[in-house]
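Feature list (source: TrEMBL):
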ACT_SITE  Cys123  active site
ACT_SITE  His202  active site
ACT_SITE  His297  active site
ACT_SITE  His301  active site
ACT_SITE  His330  active site
ACT_SITE  Asn334  active site
DOMAIN    2-267  domain 'FAE'
DOMAIN    293-376  domain 'Beta-ketoacyl-[acyl-carrier-protein] synthase III C-terminal'
Amino acid sequence: MVGTEFCGEVIKRNKNLGLNEYKFLLKAIVSSGIGEQTYAPRIMFSGREESPKLEDGILEMEEFFHDSIEKVLSRAGISPQEIDLLVVNVSMLSTVPSLCSRIINHYKMRPDIKSFNLTGMGCSASLISLDIVRNVFKSYKNKFALLVTSESLSPNWYAGNDRSMILSNCLFRSGGCAVLLTNKKSLKHRAMFKLKCLVRTHHGAKDESYGCCIQREDDKGRMGFHLSKSLPKAATRSFVDNLRVITPKILPVRELVRFMAVSLLKKWNVVRHGSSHKGASQGPIKAGVNFKSGVDHFCIHTGGKAVIDGIGISLDLTEYDLEPARMTLHRFGNTSASSLWYVLAYMEAKKRLKKGDKVLMISFGAGFKCNSCLWEVVRDLGDGNVWKDEIYMYPPKTLVNPYMEKFGWIQDEDPSTFNPGD
């Protein structure tokens, strides 16, 4: 677990940072929405983040795999040999043999198991993995699938001073999830959710979108993850295109008809009065869709406070709707593709999920991609999960982290006399 003091020690170890970079990082972390109970890989605590070994990344993954997979299989009463399909996504680590093969070897799974090992898919990889399972289930009946999602941070700490790359050090934290899926009708009564639809949007053909979130080297040859200023714009474009496809699949006909009527009325007013008409007794007609007419809960990727705020504004969501994503970001940080499942677990731990409820999942990832899906809750949920021992503390009275309180003095430092060793 990484608190404020430890984060300060880690940042101080980077000798390539100056006062301006410290001020930038302080501003970023203070406004990030991240608290003091997130997790980092063990390599950070041994002070070797700038000289990782392949073994560090593998051990980080294996420690997570063994714990989570054993828990989910034990909870379901399923043996590893019953798994027919294995899908693993970890974007920033590719090994030989693959991570899939390591899991199959450890659990001695069947030789006819179908496996998919995904890398480089970014934070939206969970729904890509889910789409693979969905498509395999169309051809093979009565099967079990295991979806494993995490991110390898050990070999991916950026030790330079490029602001667009040190930002990722503030946002990403360790985490992961294992999910068991089946298309066996005989197990319908034991299921938690039913997948209703899934839509994937990929803007990789647009150069600006492709390059806004990319792994590369800085001018000194140091590897890192670049987040450009065009990222919000790319996310918005992909989000709009994704919504255009999934909206007719998830909203009732009456809401779609209402939206069309309002849109036509708005266009008619523009034609009648002209686009520059200031007329003014009436404000502009908002042709917005009421997503709450078909969705009860919103499971949003914890890409950052700005991402959560942006989706909230776009979909006209309340703080109650955004609470699961905000609390997950505060407690666990951005755990990449696994963050969606932490958000869903928060809803379950808060006993919000009732039979028949609809949950909309929305994720973004490098490429640039926006993926979304709709789940139906098939029984009342409130079982124990990762939140069970502390859910009573959420939401806290304040989400303000103590970084400014502890390191705010940096703002008053003089660059000519500043000595990071003091």
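In case you wondered, yes, glycine gets a Cβ from its N, Cα and C as well.
No curator has checked TrEMBL annotations; they are predicted automatically.
As the structure is a computational prediction, the values presented were derived from the model and not from experiment.
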*Just how many other Cβ atoms lie inside 10 Å of the Cβ on Cys123 (active site)?*
26
*asked:* Using a 10 Å cut-off on CB atoms, tell me which of the active-site residues His202, His330 is the least crowded.
replied: His202
*Quick one: pull the CA-CA distance for Asn334 (active site) versus His297 (active site), whole Å only.*
20
_His330 (active site) and His297 (active site), distance between Cα atoms, whole Å_ = 19
*Under 8 Å by Cβ from His301 (active site), same chain, sequence gap 6 or more*: Cys123, Ser124, Val307, Ala325, Ser339, Leu340, Val343, Ile362, Ser363, Phe364
_Distance, His330 (active site) to His202 (active site) (CA atoms, angstrom)_ = 29
_Cβ packing number for Asn334 (active site), 10 Å threshold_ = 25
*How many of the residues that make up the domain 'Beta-ketoacyl-[acyl-carrier-protein] synthase III C-terminal' (293-376) does DSSP mark as helix, as strand and as coil?*
39 helix, 21 strand, 24 coil
*asked:* Return the count of C-beta atoms lying within 10 angstroms of the C-beta of His297 (active site), excluding that atom itself.
replied: 21
